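Chemist: Pulled from TrEMBL, these are the listed features:
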type	residues	note
BINDING	LYS7, PHE8, GLY9, GLY10, THR173, ASP174, ARG184	ATP binding site
BINDING	THR47, GLU74	substrate binding site
DOMAIN	264-338	domain 'ACT'
DOMAIN	344-409	domain 'ACT'
Amino acid sequence: MGLIVQKFGGTSVGSVEKILNVAYRVIEEKQRGHDVVVVVSAMGKSTDSLVALAKEITEQPSSREMDMLLTTGEQVTISLLTMALQNKGYDAVSYTGWQAGIETENIHGNARITNIDTAKLKERLNEGKIAVVAGFQGVTAEGEITTLGRGGSDTTAVALAAALKADKCDIYTDVPGVFTTDPRYVKTARKLAGISYDEMLELANLGAGVLHPRAVEFAKNYQVPLEVRSSTEKEAGTLIEEESSMEQNLIVRGIAFEDQITRVTVCGLASGLTTLSTIFTTLAKQNINVDIIIQSVTGTSKTSISFSVKTEDLKRTVEVLEEYKDALDYEQIETENRLAKVSIVGSGMISNPGVAAEMFAVLAEKNIQVKMVSTSEIKVSTVVNEGDMVKAVEALHDAFELSKQTAVI
Ligand code: ASP
Ligand code: MG
C-alpha cells in the first residue's frame with residue numbers, strides 16, 4: 001500500500017461521461033489499497049473559452065483578473081469529480097490550490113510553486129479520504145490567487161507527489177504515452193516504454209506538449225517516478241525516471257519539431273565586445289524569446305548576427321530592433337519566414353560523438369538544407385525550410401531506427 005497522485009488532463013475530464021470514467025480509474029487505485037490524491041485540469045477546452053471571454057471585454061486584461069477567471073475552470077472539475085466519487089460511495093473531498101496549501105511566488109499567469117503545506121491533505125488521507133485538488137493554481141504569501149502557466153496542472157501533480165513523498169505520479173492523458181515523435185505526422189512513431197528526466201525535459205521544452213516542462217524539472221529534482229498513460233486504455237504508458245531501464249542502446253530517443261520559425265539577421269553591426277550583449281539584452285527586456293543564435297564576423301569591423309524567433313514574435317522583434325536602431329548601430333535587418341526547427345534528443349549522445357554529423361548527413365542525403373544549428377549535451381537542433389520539416393523528421397526517425405524497440409528488461 002502506498003500513496004499515488006493521479007493527474008487527469010482537460011480532454012480526460014471533458015464531459016460528464018469522461019468524469020465518471022475518471023472516477024472509476026481513481027476508485028481502482030483506492031481499491032488496491034492505496035491512498036489517492038487526484039489532480040485535475042479544467043474540462044475540455046474550457047480554459048481557452050475563458051480566455052476568449054476575457055478577450056471579448058478587453059485585449060489586455062489585467063493578469064490578476066485573468067488568474068481569478070482561469071482558476072474557476074479547475075474548480076468546476078474538482079467538485080464534479082468529487083460528487084461522482086461520493087455518489088459511488090467513496091469518501092472524497094475537493095480542494096482548490098490554495099486550500100491544498102500550494103504557495104507560489106507573487107507573479108500572475110506563470111507563477112512557480114514555492115512551498116506546499118501538506119498538513120491538511122495528510123490529515124484527510126489519514127482519515128481514508130480521497131483528496132481531489134485543482135491543478136494549475138496556487139496562492140501567494142499575500143493571499144493572491146495565481147496560476148502556474150498553461151498546462152500547469154502537471155506541475156501541481158508532480159509538486160504534490162514530491163511534497164507528499166508519493167510512491168508514484170501518474171499523468172493520465174488522451175495519448176497512451178510519450179512517443180518517439182508525433183504519431184500524427186510520422187506513422188512509424190512508437191510509444192516509448194521509458195525515457196529519462198533529462199530527455200523528457202528537452203522534448204518538453206522543444207514543444208513536445210505531453211508534459212509541462214516545470215513538471216519534469218520537479219520530478220527530476222525530487223526523483224518522483226512519473227508515468228504518462230492513457231485515461232481510457234489500460235495498457236502501461238511511458239515511465240519517466242533518472243535512467244530509463246526500459247529502453248536501451250538508443251542514442252537518439254526522440255525527435256521534436258516545430259514550424260512557424262523565422263530567422264532574423266541583423267547585418268552590418270559594429271563588431272565590438274558588447275555588441276552581442278547589447279542586442280540580446282534589448283530583446284530580453286522586451287520579453288522576446290530568442291532561440292538559436294549565430295554570429296558571423298564578416299570583416300574586421302562589421303559583424304552580422306542571426307537568430308531564430310517564433311514567427312508570431314517577428315513583428316515585435318522587428319519593432320524593437322527598429323526602435324533601438326541608433327543604439328544598436330546596424331545597417332539593416334533581413335528576415336526569412338516559413339522555417340521549422342527539427343531536433344533530435346537522446347542521453348546517449350554524451351558518450352557517442354558524431355551524432356550531429358550523422359544527422360547532417362541524413363538531411364543532406366534528402367536534399368534538405370540546414371539553415372541554423374544548435375546543440376546541447378543531449379540535443380541537436382536544426383532549422384530547415386518548413387516544407388522540408390516532415391520529410392526531415394521521417395528521414396531521421398528512420399536513420400536512427402526509432403521505430404525499433406530495443407532490449408527491454
Ligand atoms: N487548464 C489549464 C490549461 O489549459 C491548466 C492545465 O490544463 O494544465 O492550461
Ligand atoms: Mg497538459
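Note that Cβ sites are derived from N, Cα and C of the backbone, with glycine treated the same way.
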Chemist: When neighbour density is defined as the number of other C-beta atoms within 10 angstroms of a residue's C-beta, which of the binding-site residues LYS7, ARG184 has the lowest density?
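Modeler: Comparing Cβ neighbour counts within 10 Å for the binding-site residues LYS7, ARG184 gives ARG184.
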Chemist: Count the other Cβ atoms sitting within 10 Å of the Cβ of THR47 (substrate binding site), across every protein chain shown.
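Modeler: A 10 Å sphere around the Cβ of THR47 (substrate binding site) contains 23 other Cβ atoms.
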Chemist: Taking helix as H, G and I and strand as E and B in DSSP, count the residues of the domain 'ACT' (264-338) in helix, strand and coil.
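Modeler: Computed counts for the domain 'ACT' (264-338) are 28 helix, 28 strand, 19 coil.
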Chemist: Which whole-number value in Å describes the distance between the Cα atoms of THR47 (substrate binding site) and GLY10 (ATP binding site)?
Modeler: 9
Chemist: Tell me, how many other CB atoms lie within 10 A of the CB of GLY10 (ATP binding site), whichever protein chain they belong to?
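Modeler: Other Cβ atoms found within 10 Å: 24.
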Chemist: Using a 10 angstroms cut-off on Cβ to Cβ distances, just flag whichever of GLU74, ASP174 is the loneliest among these binding-site residues.
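Modeler: ASP174, out of the binding-site residues GLU74, ASP174, has the fewest neighbouring Cβ atoms within 10 Å.
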Chemist: Checking the spread of the ATP site as listed (LYS7, PHE8, GLY9, GLY10, THR173, ASP174, ARG184): what is the longest Cα-Cα distance, in whole Å?
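Modeler: So the binding residues stretch over 24 Å, Cα to Cα.
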Chemist: Can you name the binding-site residues among LYS7, PHE8, GLY10, THR173, ASP174 whose CA is within 10 A of the CA of GLU74 (substrate binding site)?
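Modeler: Qualifying among LYS7, PHE8, GLY10, THR173, ASP174: GLY10.
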Chemist: Could you check which of the binding-site residues LYS7, PHE8, THR173, ARG184 have their CB within less than 6 A of ligand 1?
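Modeler: Near the molecule: none at all.
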Chemist: Within the domain 'ACT' (344-409), how many residues are helix, strand or coil going by DSSP?
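Modeler: Grouping H, G, I as helix and E, B as strand yields 30 helix, 14 strand, 22 coil.
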Chemist: Let's check the environment of THR173 (ATP binding site): how many other CB atoms sit within 10 Å of its CB?
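Modeler: There are 25 of them.
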Chemist: Enumerate in sequence order the binding-site residues PHE8, GLY9, GLU74, THR173, ARG184 whose Cβ-atom distance to ligand 2 is under 6 angstroms.
Modeler: GLY9
